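Worksheet for the structure shown next.
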Amino acid sequence: MELPILKANAITTILAAVTFCFASSQNITEEFYQSTCSAVSKGYLSALRTGWYTSVITIELSNIKENKCNGTDAKVKLINQELDKYKNAVTELQLLMQSTTAANNRARRELPRFMNYTLNNTKKTNVTLSKKRKRRFLGFLLGVGSAIASGIAVSKVLHLEGEVNKIKSALLSTNKAVVSLSNGVSVLTSKVLDLKNYIDKQLLPIVNKQSCRISNIETVIEFQQKNNRLLEITREFSVNAGVTTPVSTYMLTNSELLSLINDMPITNDQKKLMSNNVQIVRQQSYSIMSIIKEEVLAYVVQLPLYGVIDTPCWKLHTSPLCTTNTKEGSNICLTRTDRGWYCDNAGSVSFFPQAETCKVQSNRVFCDTMNSLTLPSEVNLCNVDIFNPKYDCKIMTSKTDVSSSVITSLGAIVSCYGKTKCTASNKNRGIIKTFSNGCDYVSNKGVDTVSVGNTLYYVNKQEGKSLYVKGEPIINFYDPLVFPSDEFDASISQVNEKINQSLAFIRKSDELLHHVNAGKSTTNIMITTIIIVIIVILLSLIAVGLLLYCKARSTPVTLSKDQLSGINNIAFSN
C-alpha cells in the first residue's frame, strides 16, 4: 500500500525540485576579473553543517532452531536457502561487532598521534578477522574518526549491560520511542524490521506443516524481500568496516528518513531544507555498526544538523596569470590561492578551501564546517582590489607558464601561453573563438567546449548572468628580475616585501660598486697626472737641451788682435 504513495511523493518532489532549480538558477551571477585572472560565482545560499543528530535503528532477529523440514518441494528448498543466508548474515554481524569494537579501541589510541583526534574508548574484545582486514578497519576509522565521534559515543553506551533490553522493551508496542541511555542522553530509537515475529510466527509454521510443502510462492517472495534488507545491511557494514557513508536506502528507507527528519529538534525551515534534499542528507550522513545482542541488531544513524542556512555563499575560481614575453623561459606567473567556497556566518566568513567537499543542489551549497576556516568579512576585498590594505590576499608565484582552463559556474577561465592553441567551440558551429596569449574568460552562452592544447573541457550549462571586469593584469606591474619564484603559500605583502628586499640589495650593490669605481677613478687620475707631469718635465728638459745646442751651433768664433798678430808673425816667419 505504501508504494503508490511513495511514487506520488517522488513525482511531487521531482516537479518541485525542477521548478525550484529553474527559478533559483536565474539568480546566479558571475564576475570575471581580468586583472587577477579569477572569477566569482554569486547567488548561492548556505546549508552549513554545525552538528550531528544521532538515532538508534534496530532490527529484531530470530534465534532459529534446527529446521526439521527437509522436503523436496522446490519452494521449501528456496526457503531453506534463505534461512541459511539469514544465519550466515547474523554470524557475520557478530564477528563484525567484535572487529569494529577492537578497531575503535585501537583507533582511539592511534588518533592523537596521527590526527590529533580523540575517539571514545570501547571495550577491547578478541578479533577473529585477519590482520589485513583489521588494518583496513583502522585506516577507515582514522579517516572518519572526528566525523563519527558522536555516533561512536552513542554506540559505546549500547554495549553497557541492560541498554539493549531497555531499547527492546521501549519498542514492544511501538516502532518508535525516545529512550534515555545510562549516560543521560536521550535518543530516538526506531524498529525498522521485525524478522523475529515474521520468522517464528509466520514463516516456520507454514514451512513445517502440510508435509513440508508450500502451495503459495508469495510466501517465498515475501521472505526473500524481508531477508534481502538484512543481507544488504550486513554486506555494507562488512565491506565498509562497520561505518558506511552515504546512508543507503537499506539502512533507512526514504519514508523512514523523512519520518526521522520530522522528529528532529530543528526548525521547520531546517526540516523543509532536509526533506527537499534527502540525497544530499544521505551523502553527509553515517551508519555505524553498534551491537547484535538479545536477538536485536542495533546500529546508529548520524544525520547532519544544518545550523546555518540561507546566508549568501559564493565560489572563487582562479587560474595562472603570466606575462606573455615571446622569449621562452622569461615569463613570470602569479596565481590566487584563495579559491574555494565562501559563506557568510555570524558576522564572519566560513571558507572551504576544498571546494569538492561541498555539495551543490541548484543554488544551495551544503558544506561541513569541520572543513572550514573562519575569515574576516574583508576577505571579499581581494576580488575587487588585491592590493587593498585591510586584508592580505593569498597568492603563489612561479616562472612556469603552463596553459590550462578552469570551468566555472557560468563559463570558463582560459590561461593560454606559449605556442599552445586555445579555442572555444560550439557543437553546431565549430570553433567560435581563438584565445590569444594571456588570461581570458568565456561565458557558456553559445559555448559547449573549451580546448587547451589536446585537453577538452565541457562548460556547465547553468543559467545566469556573466560580467567581464576589465583591468590591467597585475603581473605586468612586477619586474621579472626581482620577482620571487616558487612561493607556494605566500601573500601579496610577503611577495612585495621580498621584491623590496631584492631592490634594496640591488641599490646597495650599486652604491658599493659606485664607491669602488670612484676610488679606482681617483687613483687612475693621480697616476695619469704623475705620468703627464713626468712627461712634461722630460719634454721640457729635452726642449731646453735642444735650445742650448742650437744656440751653440749658431754663435760665430772671434779672435783677439794679439792672437791674429801672433799667427801672422809665425806664418810670415817661416
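Every residue gets a Cβ built from N, Cα and C, even glycine.
For Cys322, the disulfide partner named by Swiss-Prot from the candidate list Cys313, Cys333 is Cys333. Of the cysteines listed (Cys382, Cys416), Swiss-Prot assigns Cys382 as the disulfide partner of Cys393. The cysteine that Swiss-Prot pairs with Cys343 in a disulfide, picked from Cys313, Cys358, Cys367, is Cys313. Within the same chain, residues at least six positions away from Asn27 (N-linked glycosylation site) with a Cβ under 8 Å of its Cβ are Gly43, Asn363, Gly464. Note: the CA-CA distance between Cys333 (disulfide bond) and Cys416 (disulfide bond) rounds to 12 Å.
Among the listed disulfide-bonded residues, namely Cys333, Cys343, Cys367, Cys393, the Cβ with the most fellow Cβ atoms inside 10 Å is that of Cys367. Here the Cα atom of Cys358 (disulfide bond) is found 11 Å from that of Cys343 (disulfide bond). Counting every protein chain shown, the number of other Cβ atoms lying within 10 Å of the Cβ of Cys382 (disulfide bond) is 24. Between Cys416 (disulfide bond) and Cys322 (disulfide bond), the C-alpha separation comes to 9 Å.
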